[in-house]
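Taking it in order: structure first as structure tokens, then the write-up.
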Amino acid sequence: MKRLLVAFLVLAALGVFAPDLGLASFYLILLGSVCFWIAQATSWNLLSGYSGYFSFGQAAYVGVGAYTTAVLTGRHGVGFFWTVPLAAVLCGLLALGIGAVAFRLGSLRGEIFALLTLAVPFILAAFARINRSVDGGQGTTLPLPDYPEFFGTFQQFQYLLALAVAAVAVAVAFLVQHSRAGSALTAIHDNEDVAEVLGVPTFRYKMIAIVASGVLGGVAGSVYALQIGFVTVESVFGLTIPLFVIVMGVLGGRSHWLGPVVGAVLIVTLQDRLSSYGLDEYNAIFLGAILAILVATAPAGLYARLRARPWAALAGFVVVFGVLYILNVWGETLDWLVAGMLAAALVAIVLGTRRSSAVPAAARSTVDVVEEEPGEPPAIGEVLVECRSVAKYYGGVHALEDISLDIRAGELIGLVGPNGSGKTTLVNLLSGATRPTKGTIRVDGHDITRLPPHRIAHVGLARTYQIPKPFDSMTVRDNVATAIMFGRTPMSLRQARPLAERHLATVALDHLADARPGRLNLHQRQLLEMARAIASDPKVLLLDEALAGLNPAEVDNAVRVVRRIHHSGITIVIVEHLLRVLNQLATRIVVLDRGTLLADGDPQTVMSDPAVVRAYLGKQAHV
Ligand SMILES: Nc1ncnc2c1ncn2[C@@H]1O[C@H](COP(=O)(O)OP(=O)(O)OP(=O)(O)O)[C@@H](O)[C@H]1O
């Protein structure tokens, strides 16, 4: 943050002392344009980069912001500075509306969300064209605003204003990335359903991101109106704006607050140079080619590559800029700067590619043996989970029918049944992934039947998935830390990280804390699922086929881990087909068959029940 402040002060000084430094007003206009695009790309990235909700609607905020300022100053004589907060409020409300529609309906994700956001600027543009009280499509000229004299010339004033907006946008992106909101949005980006089940209130964080994005986009749009002087529907609601911010965000890198800044600086300056050589019509070809190359070679974006190889990139810049400067046979200073930046980008990409391919894969076949620990299972206590007449229908399919079941504190229940008998459906109902068609579910006295998954997590219920679903862009440690942060005792990432180590040690994954989940084998990924689930401090843990696909040594290891977790006092329900596992672990067995409860009792009695043998054990079980 300090470095950000220093950079801002240096750039502001450049604007204030531009005449003394002999900086031509052309440079101030260019820098103002760079600042506008930094603000827009950063605003877009707050939602789309961090959370993965790809928006094509950035022009809506630019348009509403620009038109608010243009119409009020140009037609109603309102002072410019009054229009900026109004633009912020209007765009904040617009974002609130889009978010409320898109995020309340969980299905509006991916391309459906993108299409919705694409439609919004079209509607607003049509409204501006039709409505004479806006400008009826004629365009609106802005008067020169009154501004304090110490800002100097109008170009200096414009630049300093654009710089201030860009600095605020970048500061907001920095603060979001380094707060709980940043972790929440990254988790949503990687897997929203898992984030919700781990206690992340996903709706709230998406709303925060979209409103922040709207407000910043609108304020920058308002300042943009002043920069262009004449606002038309085409100039502010056009497709160029979303396309440019997307290219800038993707090119620079969407997961870091500086990514869009890198993308905006490179693209705006490159575009300016192409225009200066009369190559405007080749703009799209150059930008498209650069984007295609970068997406193929550096999908995480340019900033990540520059960060990995800062000195080599700097050397590339200095060599190219220096040679062009000394030879002085082509172009001018700005050309040499842009050539230097392209060289730095190229060096970072080429060297970064080599380095990433040299990273050794994690040992994929080893089992990190978990020691058997002496300990006692917890005493069986009060009823923790009560299911009453629970049913779940998918159209005509009765996945579950009239299930009434109590789970007591301290139990380790084996949930078994043939394929399609409703085991996963029951786990989904308990964790809130789906809602029952009929019946009620209570956990620790709370009715959770209609609660969203993150509230169920806070009541004390955690789950794992049959196919592990780690947050791929986070380290193993941060996967677990995220669950702690949004668990029953909220805390910051800094506080959660040391605690995550303890849970990783429980599942013998602590030595892989810094690795990315992509480097783990299946067994390790399943252990990570368990570590992440217990990190949310559950009273009840649901393990959905947590041992599926493991070899015998890995199964034995996983059994020891499950026992450890149980002995720590957590009640467990484990969906499992392996009878030898259930024999070792379960205190009670519940059998489902075609969505109904077939048997429920101690393992010996249930497994010798003729109905169970007929329906399940004789056909399905493995030993
Ligand atoms: N989202 C869904 N839409 C429609 N039908 C579903 C859905 N989810 C589950 N079902 C149906 O509900 C029934 C129970 O499925 P469920 O996955 O709960 O069984 P299961 O016992 O977990 O099976 P398996 O052991 O194969 O995982 C099946 O007939 C399945 O096809």
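For all residues, glycine too, the Cβ spot is worked out from N, Cα and C.
Just so you know, TrEMBL annotations are computer predictions that nobody has curated.
The feature transmembrane segment, as given by TrEMBL for the ranges 59-78, 399-418, 559-578, sits at 59-78. Checked against TrEMBL, the range among 207-226, 467-486, 527-546 recorded as transmembrane segment is 207-226. Per-stretch counts of Cβ pairs under 8 Å to the transmembrane segment (59-78) identify 207-226 as the leading one among 157-176, 207-226, 285-304, 336-354. Sequence-distant residue pairs (6 or more apart) of the transmembrane segment (285-304) and the transmembrane segment (336-354) include at least 3 whose Cβ atoms are under 8 Å, placing the two stretches in contact. Residues 53-57, 59-60, 63-64, 67, 94, 98, 101-102, 136-137, 233, 237, 242 of the same chain sit 6 or more residues outside the transmembrane segment (112-130) yet have a Cβ under 8 Å from a Cβ within it. Here the transmembrane segment (336-354) has Cβ contacts under 8 Å with residues 265-266, 269-270, 273, 294, 297-298, 302, 304-306, 308-309, 312-321, 324-325 of the same chain, all six or more residues outside its ends.
Long-range Cβ contacts of the transmembrane segment (311-330) within its own chain (Cβ-Cβ under 8 Å, at least 6 residues beyond either end) map to 305, 336-337, 339-348, 351. Counting same-chain residues at least six beyond the ends of the transmembrane segment (157-176), those with a Cβ under 8 angstroms from any Cβ of the stretch are 1, 4, 8, 11-12, 15-16, 18, 28-29, 31-33, 35-36, 38-39, 42-43, 45-46, 50, 147, 151, 182, 185, 209, 212, 216, 219-220, 223, 226-227, 257-258, 260-261.
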